[in-house]
Amino acid sequence: MDQCLTLDQHIERYAHADPLRAAVGAAVRAIAAASIDIAELIAHGDLAGRLGRACGRNADGDVQKALDLEADALVRKALASVPVALLLSEESPVPESIDGRGLIAVAVDPLDGSSNIDANMCVGTIFSILPMTADPALAFLQPGSGQLAAGFVIYGPQTSLVLTLGDGVRIFTRDPRDRTFKLARSGVRIPSRSHEFAINASNQRHWDPPIRAYIEDCLAGADGEAAANMRWIGSLVADAYRILSRGGIFLYPADGRKGYADGRLRLLYEAHPMAFIVEQAGGGATTGAARILDVAARDPHQRVPLIMGSIENVRTVERLHLDTLILAERNAPLFATRGFFRI
Ligand code: AFP
C-alpha cells in the first residue's frame with residue numbers, strides 16, 4: 001500500500017487529463033476540505049453552542065439541527081468553486097443549479113446522524129457523484145449504477161473519508177498534524193459472512209415477515225451457527241464503517257409505521273452511495289426485492305428500504321423476501337384480506 005499517499009495525490013493519479021474525472025476529483029477534494037471544518041466544529045461540542053438544538057424542519061418535515069445547517073453551508077461553500085452542474089442536499093427541497101457548464105451532479109447528506117450530536121456519538125457526511133445529464137430534470141433520476149464516485153466522512157475517534165471511484169474502496173484518515181487526508185487502508189473487503197447484525201429492534205412489531213424471520217433466525221442461532229451479536233449505533237456512517245471493518249449486515253427495512261412504508265433512509269444521498277461503496281468492497285445492498293444500484297429515484301428525497309453488508313447474509317434476506325412473495329402468490333386470498341406483508 002502507498003504509505004502516506006495523500007488524498008490529493010490519489011485524485012491526481014485518478015483524474016489525469018480527463019475533464020469528467022477532474023470534475024469528480026475536484027468535488028471529492030472540496031467535500032473533504034469542508035469535512036475538516038465540520039470535524040473541527042464538532043470537536044468544540046457545546047463550546048460552539050448547542051449544535052444539536054432544533055432549528056426548524058427541512059422540506060420533508062425532518063427536524064433540522066444547528067449542525068445540519070452549519071455542515072450544509074460548509075459543503076455548499078466548498079462546492080461553489082467546483083464544476084458541479086446540480087447539487088441536491090438533504091437540507092434543500094429541490095436540486096439547485098451551481099455551474100451551468102458543470103459535468104457532474106452531486107447528492108449530499110451534509111450531516112447524517114444528527115440525533116447523535118448531543119450524545120457525542122459518531123456522525124458523518126455522505127455524498128454521491130453522478131454524470132450530468134443533457135436534460136437537468138433527469139440528473140437525479142439515474143439508477144445508482146450510474147454513479148462515478150461515492151463516499152462518506154465519519155467524524156469519530158478519527159475523521160476518516162471512505163471513498164470509491166469505481167476501483168475498489170479506500171479509507172483516508174485525517175492526519176491531525178497537518179489537516180491532510182492520508183491513505184490508511186486500500187482494497188477494503190467485507191467478509192462474505194458475519195454473525196453481527198444491525199437493526200433498530202424496537203421496531204420489531206412493525207416489520208414485514210421476511211425481516212422478522214431473518215432476525216428470529218439470527219437470535220435463535222439457526223443452522224447451528226454461533227449466536228449472533230447485535231449493534232445499532234443509530235448513525236448510518238458508523239454502522240457502515242464497522243461493516244467495512246469486520247463484516248456484518250445493516251437493515252433499515254420498510255415497516256408498518258406511518259411514513260415508513262419505504263423505510264427511513266434516502267435513496268440518492270444515503271442508500272445509493274452506501275450501496276456503491278459496499279458492492280465495491282465485495283458486499284451486497286438490496287431493498288429486499290431489488291438491488292439498490294438498480295433503483296432509480298422518482299423524486300429527489302425518495303426513501304428506500306436498505307439492507308447491506310456481508311454478501312451471504314444479504315442473499316439470505318433476499319431469499320426470505322422471494323419466499324414470502326411466492327407464499328403470498330400461493331395464498332393470495334389470505335394476503336388479500338390482510339395486506340401483502342402484514343400477517
Ligand atoms: P438522524 O440524522 O435523524 O439522526 O437519522 C440518522 C439515520 O438517518 C441513520 O443515520 C440511522 O441509521 C437511522 O437514521 C437511525 O434511525 P432510528 O433513529 O429510527 O433508529
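Every residue gets a Cβ built from N, Cα and C, even glycine.
What TrEMBL says about this protein:
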- Glu90, Asp109, Leu111: Mg(2+) 1 binding site (BINDING)
- Asp109, Asp112, Glu270: Mg(2+) 2 binding site (BINDING)
- Asp112, Gly113, Ser114, Ser115, Asn200: substrate binding site (BINDING)
- 23-184: domain 'Fructose-1-6-bisphosphatase class I N-terminal' (DOMAIN)
- 190-320: domain 'Fructose-1-6-bisphosphatase class 1 C-terminal' (DOMAIN)
For Asp109 (Mg(2+) 1 binding site), the one of Ser115, Asn200, Glu270 that lies nearest, given that the binding-site residues are compared by Cα: Glu270
Binding-site residues whose CB lies under 6 angstroms from ligand 1, from Asp109, Asp112, Gly113, Ser115, Asn200, Glu270: Asp112, Gly113, Ser115, Asn200
Tertiary neighbours of Asp112 (Mg(2+) 2 binding site) (same chain, Cβ under 8 Å, six or more apart): Val123, Gly124, Thr125, Ile126, Phe152, Ser235, Leu236, Val237, Glu270
Roughly how many Å separate the Cα of Ser115 (substrate binding site) from that of Glu90 (Mg(2+) 1 binding site), to the nearest whole number? 15
Could you tell me the C-alpha distance between Gly113 (substrate binding site) and Glu90 (Mg(2+) 1 binding site) in angstrom, no decimals? 12
Give the number of CB atoms, excluding that of Leu111 (Mg(2+) 1 binding site) itself, located within 10 Å of its CB. 28
Quick tally, other C-beta within 10 angstroms, Ser114, Ser115, Asn200; top of the binding-site residues is Ser114
One should report the C-alpha separation between Leu111 (Mg(2+) 1 binding site) and Asn200 (substrate binding site), rounded to whole angstrom, as 20
Cα of Glu90 (Mg(2+) 1 binding site) to Cα of Asn200 (substrate binding site), in Å and rounded, measures 22
Per DSSP, the domain 'Fructose-1-6-bisphosphatase class 1 C-terminal' (190-320) contains 59 helix, 24 strand, 48 coil
Cα-Cα distance, maximum over Asp112, Gly113, Ser114, Ser115, Asn200, record's substrate binders, Å: 16
Tell me the coarse DSSP state (helix, strand, coil) of Ser114 (substrate binding site). helix
Specify the count of other C-beta atoms within 10 Å of the C-beta of Asp109 (Mg(2+) 1 binding site). 29
For the recorded Mg(2+) 1 site, enumerate neighbouring residues of the same chain (Cβ within 8 Å of the Cβ centroid of Glu90, Asp109, Leu111, site residues themselves excluded), in sequence order. Asp68, Ala71, Asp72, Ser89, Glu91, Val108, Pro110, Asp112, Ser114, Thr125, Ile126, Tyr269
Other than Asp109, Asp112, Glu270, the chain contributes near Mg(2+) 2 (Cβ within 8 Å of their centroid) the residues Glu90, Gly113, Gly124, Thr125, Ile126, Phe152, Leu236, Val237, Leu265, Arg266, Tyr269
